[in-house]
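So the structure is just underneath, and the comments pick up after that.
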Amino acid sequence: MGVFRFISISLAAVSAANAAQILSMPHAQTVPHSYIVMMKDDTSDDDFNHHQSWLQSTHTHNITRRATIQNAGMRHKYNFRKMKGYSGIFDEETIKDIAKDPKVMFVEPDTIISVNGKVEQSNVPSWGLARISNSQPGANSYVYDSSAGEGITVYSVDTGVDINHEDFEGRAIWGSNQVNDGDDRDGSGHGTHTSGTMVGKEFGIAKKAKLVAVKVLGNDGSGPTSGIVAGINWCVEHARQNGGNDKAVMNMSLGGSSSSALNRAAAQAVEQGMFLSVAAGNENQDARSSSPASEPSVCTVGSSAEDDSRSSFSNWGPALDLFAPGSNIISARPGGGSQSMSGTSMAAPHVAGLAAYLMALEGISGGAVCDRLKELGSSSITDVGPGTPTNVLISNGGAKGGNPKPAPGPSPNPSQPSEPQQPAPSQPGEPGESFPGEPFPGEPFPGEPFPGESSPGESAPAPAPMPPSPQHPHTPYPGGDNFDFDGYWKKYFGGEHWRKMFGSFWN
């Protein structure tokens, strides 16, 4: 009996020593009784399946005994090849039992993540497209290569997308709804706006890329971390089965308190070949305090204003990789038409769209894309913030062989905002709010400017009508009877043209 007691005590001591850490999130808004569990990297499929079977039995026993939590159990299961895990609603005793499994790396409370920008301002210019293709601010044309992101798929991990908006030309599809609200639409407008910047025919950078809507935030602009991790997992698997992760871009214009689970999920997506653009956040603070912006392997984006200064609301610090236009950006709105928003949420899709553009043009992918964006960008941003290692504003590098296209401008009657073709979906509460009646930390109420930004006018300008399609370099005999064949051949098929078009490969 004494020997048996000694062995029992020894096993208990070993179990306690190997117990996984249950992380605390004292400054975050948590989801009651909801947790994310991450397994150790060497966990096999068999071990994971065995753990789930054990969990079901243990959880059922604990709930039956106490019956204190409604709708408890596993909600999401994650499998990123090298990283496995799950989330769900569990009582305290079950969480303690889970942490004792030596295959568990850590347990993390599920926290609320929100969009990183939702402000409507009136009578402002649309300048972001023109800025990324011109060396100086104030230009009014967007110059781009006619490849325009063709063959690349962009995943909008956001509030959903109005996939029927005319700006997407049928290139947008609905992918997944991790909110599980039965509402496959963008009831906020945030996801449609960011998607328009990425791939829209009028507002977008990669005008020929495909778009997949992945809803991870509700119509109020917020959602649990567990659902966002599930959304990332879905994107990785969908891309792998549909063209490859090296042909995929993910945009996450969202953020919240630092989360090991969310950062690890984002890192797994990058490791498997995807490019991730992430908003730095709008609190005018060090971006290392939030996720997924603090994950080193993603491309973390700060916001710039029209005068090439850091937007007053933009986060800063060592986590930042790049800056992109984010103040007063006009893009698509649900139901048709356009609206203006500000935030690092608007900056990140500029980077995602340009990433898709460069991936199609140069054949690069994954982590190499962020490095290429740094090479092509200009050292233009002023007042970058404490500890920020970069002042680089993104640029498409003069759009090798590109064609000019005017950026969206004011409508003939600038006092009238661009209206949707049909009524926008009803919105429960003010979209983009963390709590009813309150704006996100560091953001103004809708209709008010950020501190230090220009005051709003009376209405937002509508985009200008689409100009005639720019002439493709291979369009035969432009100019009709006056066509200069020798000059045309020299311009488009001479060595200088091809050196410019493919210099990145040859030099």
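Every residue gets a Cβ built from N, Cα and C, even glycine.
Note that the coordinates shown come from a computational prediction; the quantities given were computed from them, not determined experimentally.
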Inset, instruction - Name the residue among Asn62, Asn251 that Swiss-Prot annotates as N-linked glycosylation site. - result: Asn251
Inset, instruction - State the residues, same chain only, that lie 6 or more residues beyond the ends of the compositional bias 'Polar residues' (378-394) and have a CB under 8 A from a CB inside it; answer 'none' if no residue qualifies. - result: 131-132, 135, 284, 286, 302, 304, 308-310, 314-318, 320-324, 350-351, 354
Inset, instruction - For Asn251 (N-linked glycosylation site), write down the residues of its own chain that are at least 6 apart in sequence and whose Cβ falls under 8 Å from its Cβ; none is a fine answer. - result: Val154, Tyr155, Ser156, Val157, Asp158, Thr194, Met198, Leu276, Ser277, Ala348, Pro349, Ala352
Inset, instruction - Compute the average pLDDT of the predicted model within the domain 'Peptidase S8' (126-400). - result: 93
